[in-house]
Amino acid sequence: MATVTPHRVRPGRGVELGLLVLALGLGVAAYALVGLNMTGALPANIYGYSAGMVALGVGMHLVLRLRAPYADQVILPVAVALNGIGLAMIYRIDLSTVDWEHPTTFATRQLGWTAIGMILAAVVLVALRDHRTLRRYTYTAMVVGLGLVLLPLVPGLGTTINGARIWVRLGGQSLQPAEFAKIALAIFFAGYLVTNRDTLALAGSKVLGMQFPRVRDLGPIIVVWAASLAVLVLERDLGTSLLFFGLFVAMLYLATERKSWIFLGMLLFLGGAALAAQTFSHVGARFDAWLNAFDNDVFNQSPGGSGQLVRGLYGMANGGLFGTGWGEGRPDLVPYAESDFIVASLGEELGLTGLLAILVAYLVLAERGLRTAIGVRDGFGKLLAGGLAFVVAFQCFVVVGGVTRLIPLTGLTMPFMAYGGSSLLANWVIVALLLRISDSARRPAPLVTGFVAPPPTAADRQDTQMLTGLGEVRE
Amino acid sequence: MNTPLRRLSVVVIAMFVALMAAATWTQFVQASTLNADPRNVRTLYREFDNSRGPIVIAGEPVASSTAVDDAFKYQRAYANGPLFAPVTGFYSVVYGRTGIERAENDVLTGTADSLFLSRVQDLFTGRQPQGSSVELTIDPAVQQAAWDALGDQKGAVVALDPTTGAILAMVSRPSYDPNILAGHSTPAVNDAYRLLADDPTNPLINRTIEETYPPGSTFKLVDAAAALEAGMTPDTQLAAPQTLALPGSTATISNFGGEVCGPGETVSLAEALRISCNTAFAQLGMDLGDDALRAQAEAFGFDAELQVPMTVAVSRFPADPDVPQTALSAIGQYEVRATPLQMALVSAAIANGGTQMKPYLVQTVRNPDLDVIDEASPTELGRPVSAATATALRDMMIDVVANGTGKSAQISGVQVAGKTGTAQTTAEAAPHAWFTAFAPADAPRVAVAVVVENGGSLGNEATGGRVAAPIARAVIEAVLAR
């Protein structure tokens, strides 16, 4: 039964501080171990690094105390822990290139991006006092989101890296606008769907026992579907396209509670993907590399073969149950071990045990986000939190599923861990938004304080809906 | 909206359970299969992190690992690479391993079951694990003699001790230098390998065991063995026309140079072998039938798998030839194919009184402390012919060298028993020259087989007697000089 028990939350953040100490300790210890195992000495900047991470983590904690005192206490420590483990692995990959003519310095840059990301998250928390403000920008978000999606196609601005045209060069930095587009699109979907959920859910004809929506209600949805197909076709990026589509289908389902949307969405995507696999060699090659990964011809084919995927599997197998230990494996044998394949790198050095722990951390993050969505009172907040939490979980699924050969490999980044500024910034903004919504979800609502809470019954659900309605009227 | 949110939470949990299952599948269930994949360079890195045991010939390492300062800690170095390459094979980061490097890999890396005790000791003493050494039966003087005698001709020479089966020489030319494939620079190794792999003369192949040839007249030893086992004697008269018309076809068989085999219509079995009379043996083959010939060939080792420890290509006698095909098969043509090692094994069995010993290359395996882990013990492979048949065949082969087609294998003071062969391949190409022999005939110390592809330096003028027999003589002399 769908019930919400309003429970009193004490405005204290002691749990968060305790977990934060653990998370920071984990990141710093991992960083130190990488240095000790690979060079026999602590990393040169260990103190600066530790001080910086502690300052950022505690800074975020203080911002939350001041600006979102009721916010969820688990989300921030989990994000900090994942970010720290990712940083340690990126530093480890850097160390394996010290003999090169130009050793990579991904870790330093990633540390910079972490700082910018966490400061950006703090700014979002300070500037955005109420997440419902975002609803006013529903269609602005759509324009911004579509603009960001299509930005790499602008001549002179977009760049093609490894076959995918999803990058924008700006002031010497490569950015992936799609990472930010997913936030904008989540805001648009939430705003659009909370307004139109009834028409989408109720109007339309029944086919095969399922309610299908009217064509004219589908307008904006078709636009977004076309955009996600454009990503697939014009930017040659299966992963981003899949991510947008998954986000959209999930939010449609949340808004309308109609399984027909899931059915329709999957049908449209599978149709599109099948057509793409037939028409575009790069998509077909991905499928071939997935199904026949161990075939010698596919393995040796370059580019477009399964070499990277299978080498990642070799790495994970080498790690076995308990891993080789930080710095003791050879994750650097896999191309893009610091970004797309950081999961394989972690699987090799931390073993199945470590990888499962990391997956559980992501699961906790996503479930705290979904719990926030259940707890928040307004429909827009529910959709936004649900959508953002799902998009993080779904991105993990697409990335880890691809690396472990559960699904075809697509070029997405692992949230918080993979090397890349855009991804890190976008995910810290998502964390800030989830924290903001959770503050509102757990804040004792003035309307509810007068209630003597009845035992949980079906009436709760109606209360919630009534409150939602009130919120809408107020705007 | 809470109901779909709860359902979505369940979907998210299901997605993560699927991911955990996939990770478990890769890192636990499939881990050993993935680790054993030959394309998995991590396995190579692990191997290269330990010192690989040397391959030793006559006390000298011909393949050894030397410490280097790069991603792999050790690099393989080969002494006198091209000479021993058919035996040692190569050991490459990029292309894996061949030859002894491959067949004895688990011993050389120290991971063989037989080395379990050594590994336990290493664990307790804290010593770096090391591979074991593999000592081969190859005699470097014999190997060198065969290499020199073959010269720049394409072909193969294999020599073994007929009383034990120990392989004394295994030469294949053209050869290659395994050092260029043992390098750690992938582009350089790639280029070198491409060049070798694309070379039409197939330098990477060990022709003694990986290539099969039509054995030509050397196969008449098998016919003669079948005839004697069937009750004939060396004096049994065989029909020997100048030209033999094959029943059921327009084809004919004639003798080398169109000559007659003797003054009359018939020759004895011994005389037919001495002058290598095609028509007599073709007729004999038809008389005995393909089943009898196949049974005798298989008794000598045709149509069977063999490891020495490298896997030997299977020598073949056709499964279901008709009568004319049987006639052609009897003179080692049609679809009869044999490795040089197979023909050496035929001679060796005759030399050893009808008892065929299993050929082997690995004499001793020693752990890093030089304790003997494994020592070869000669084993019997089979008894393809009776002692009486072996004696009769020996005498007939002595006559081939003393008075017949194999005169160029004669050594003063030593009785050599042998058989020549000149095997046609295609109409355009020159025939392959064969010679197989053993010596001394009364107390054999070596059995040898030589094949020179497409007549070697003599081309169309070549016969087994002119081209291959002198090489066999050089090898026998090298063995007898020990």
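Glycine is no exception: its Cβ is also placed from the backbone N, Cα and C atoms.
All TrEMBL annotations are machine predictions without curation.
In TrEMBL this protein carries:
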| type | residues | note |
| --- | --- | --- |
| TRANSMEM | A:17-34 | transmembrane segment |
| TRANSMEM | A:46-64 | transmembrane segment |
| TRANSMEM | A:71-91 | transmembrane segment |
| TRANSMEM | A:111-128 | transmembrane segment |
| TRANSMEM | A:137-155 | transmembrane segment |
| TRANSMEM | A:175-194 | transmembrane segment |
| TRANSMEM | A:215-232 | transmembrane segment |
| TRANSMEM | A:238-255 | transmembrane segment |
| TRANSMEM | A:262-281 | transmembrane segment |
| TRANSMEM | A:341-363 | transmembrane segment |
| TRANSMEM | A:383-404 | transmembrane segment |
| TRANSMEM | A:416-435 | transmembrane segment |
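Through the fold, the transmembrane segment (A:46-64) approaches residues 13, 16-17, 20, 23-24, 27-28, 31-32, 35, 71, 76, 80, 84, 111, 114-115, 118-119, 121-122, 125-126, 435 of its own chain, all at least 6 residues removed from its boundaries and within a Cβ separation under 8 Å. Among A:137-155, A:238-255, A:262-281, A:341-363, A:383-404, A:137-155 has the largest number of CB pairs under 8 A with the transmembrane segment (A:175-194). Beyond the ends of the transmembrane segment (A:262-281), by six or more residues, the same chain brings 210, 212, 225, 229, 232-233, 236, 238, 242, 245, 248-249, 252-253, 287, 304 to within a C-beta distance below 8 angstroms of the stretch. Across A:71-91, A:111-128, A:215-232, stretch A:215-232 shows the highest tally of CB pairs under 8 A with the transmembrane segment (A:137-155). Same-chain residues lying 6+ beyond the ends of the transmembrane segment (A:111-128) with a Cβ under 8 Å from its Cβ atoms: 49, 52-53, 56-57, 59-60, 63-64, 67-68, 83, 87, 134, 420-421, 424-425, 427-429, 431-433, 435-436. No contact links the transmembrane segment (A:238-255) to the transmembrane segment (A:71-91), because fewer than 3 Cβ pairs that are 6 or more residues apart lie under 8 A. When each of A:17-34, A:71-91, A:215-232, A:341-363, A:383-404 is checked for Cβ pairs under 8 Å to the transmembrane segment (A:416-435), A:71-91 comes out on top. The transmembrane segment (A:341-363) makes no contact with the transmembrane segment (A:215-232): fewer than 3 of their CB pairs lie within 8 A, with pairs spaced 6 or more apart in sequence.
Residues 142, 146, 149-150, 153, 166, 178, 185, 189, 192, 196, 199-200, 203-204, 238, 240-241, 244-245, 248, 252, 268, 272-273, 276, 283 of the same chain, all 6+ positions outside the transmembrane segment (A:215-232), place their C-beta atoms under 8 angstroms from a C-beta of that stretch.
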